[in-house]
Each structure stands twice: as C-alpha cells, then as structure tokens.
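Visitor: Mind looking over this structure? Questions follow.
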Amino acid sequence: MRWGLVSFAVFVVAYVSLVALYALAGMGPAHPLTEGQPSADGTTVTLDITGIQPYRNALVGDLTVTPGPALLDPLTGNLKEDLTVAATSATAPTSRTWPKGTQPGVVPVSLNINGDVSDWPFDSYVSKPVSINLFRGAPQTPEWASVTFVDRLPGWKVEVQGGATGDAKTPYRAQVQRSPSTVALAMALLAVLVAIAGFGLFVAVQTIRDRRKFQPPMTTWFAAMLFAVIPLRNALPDAPPFGAWVDVTVVLWVIVALVVSMGIYVSCWWRHLAPEKPAEPEKPAEPEKPAQSDQSAVTGP
C-alpha cells in the first residue's frame, strides 16, 4: 500500500511538472520578440515565425507589410504608388511588389539558418543577418525597415537580436533552440524505449531460470514490443534522421535486447513444450503352461 501511494505521488508530480513546463516554455501564446517602429509614413513590417525545417536549414515565416496612411488613397484604401518589400538572408531571393491601386498582402519567406540536426534534441540554429527593405514609387530607393518579430513556433524557444539602437541600424539575427518541454518529452519517450527492453529481458531471464512458469502467449507479447520500437522512435518530436546518435546509442540496443529476450523465451518454449513420446504397445501375455499330473511323472510297466 505504501509503495502504491509513493508511486502515485511520483506520477502526479511528474505529470504536473511536464504540463506546467509545456505551458510555460513549450506552447505559450504568440508573443512579439522585438518591437518594430513604424517608418516616417507610418508603414509597419511584421515577421511571424511559423515553422522550422532543420533538414533544409530554413526558418519559415510570414512577412506582413501594413502601409501607412500616407501611402493609401483615402477613398479606396489602395496604394497610391508602387510598394516593394525585399528580404535578405533568405534561402531564395524574396521580393514582392504591389502595384499602384492594390493592397499589400502576406509574403511567405524562408530564412537561412545554420545548425546541426544530428545534435537532436539539443540542436540549436542561428540565422544569417536578416534585413527588410522597402521601396516606394519610381526611384526605388531602399529604406531599412524596423521589423516586429512574432514567435508563433510551438516547441521552440526563439530569440531575436539586432535592430535599431539609437542611430545605429544592425541586421537582425534569430536564434532558435528546442524548448525545455520538447527536450523533456524526447527524454521521456527514450526512457519508455529503454523500459520496454528492460521488461523484456527481465521476463525472459526469470523464465529461463525457472523462477516463473512458461506462458506460450507471452511470445506474441515480445513480438508486439519489438514492432512498437519504430513507431515510438518516429513519435519523437521532430524525429532526427535515421542514423543519428539516438539510433546508435538507444534504438539499436533496444532492438537487440528485445530480440535476445525473444530468443531466450523461444528456448524456454523448446525446453518446456517438448512433444510427448508415444506410448509403447503392450506386450501380449504369454500363455500359461499346463500343469503336469503326478501320474504322468511315474514311469514303469
């Protein structure tokens, strides 16, 4: 009873801690990372970070340009002159022009980042210098834009440095790393894999030592645990590419342990369920010899 209460208390504490960590550092509401300032004509630029592609070294976002009142026709609300936005540090050149008489929309951008995905789940990424420039009218003179970065990326911790500091204008740099809740979830799933291998070895060893009776249905249990390894591995958050360190140090040895456990249990099956020998046929009973009379034993005339 005491161990049951202690186990239940540990489970509750672990559950509450993981949920609190997720709420505080994993999937909080979208929040601004920088406070961009409007330009002289009131135009604002916002970059919502919405996704990350570690294998492509790309940070995905939506760039929104909101023109100021000086650029809009008060009657139609459309642009009075051409407006162009250009983003640097992109995996592909990103530029969008809205002609006169239209309204600006959202521009998807893909920023280039540097990092090593093989360090999962402790991998982190840093973007190249990011600059957003606006071009108005015919002269097409670039104007550096102050950008409001908004974090909409669940499971990651994003920080942005740079921007306007006094008269100095420096490019932005985004730093991205996995949130503590994501790392905790990855460690929990890896612990489940290790526990599966441990349980399999324990059952097999105790059975071959005759500490527990052999149960034929348990053989299918070993097979089910073996086939559960790859789905659990693929359930890891942003599962790393096959061949990463987690495969070499954890997944491979979990599979080996389960196969060895199944082999031990099959040997128990071979030993405990040997076929019964057929019963030998009964030998026919020998006929009784007739008893000789006393007179036949007397000889003479």
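For all residues, glycine too, the Cβ spot is worked out from N, Cα and C.
Automated prediction, rather than curation, is the source of TrEMBL annotations.
Per TrEMBL, transmembrane segment is recorded for 183-205, 217-236, 242-266. Positions annotated as compositional bias 'Basic and acidic residues' by TrEMBL: 277-291. The region 'Disordered' annotation in TrEMBL covers 277-301. The annotation compositional bias 'Polar residues' is assigned in TrEMBL to 292-301.
Tell me about the setting of these features in this model.
Guide: Residues of the same chain lying 6 or more positions beyond the ends of the transmembrane segment (183-205) and with a Cβ under 8 Å from any Cβ of it are 18, 21, 120-122, 212, 218, 222, 225, 228-229, 232-233, 235-237, 246, 250-251, 253-254, 257-258, 260-262, 264-265, 268.
Proximity of distant same-chain residues to the transmembrane segment (217-236), defined by a Cβ-Cβ separation under 8 Å and at least 6 residues beyond the stretch ends, is recorded for 121, 186, 189-190, 192-193, 196, 199-200, 203-204, 207, 246-247, 251, 254-255, 258-259, 261-262, 265-266, 269.
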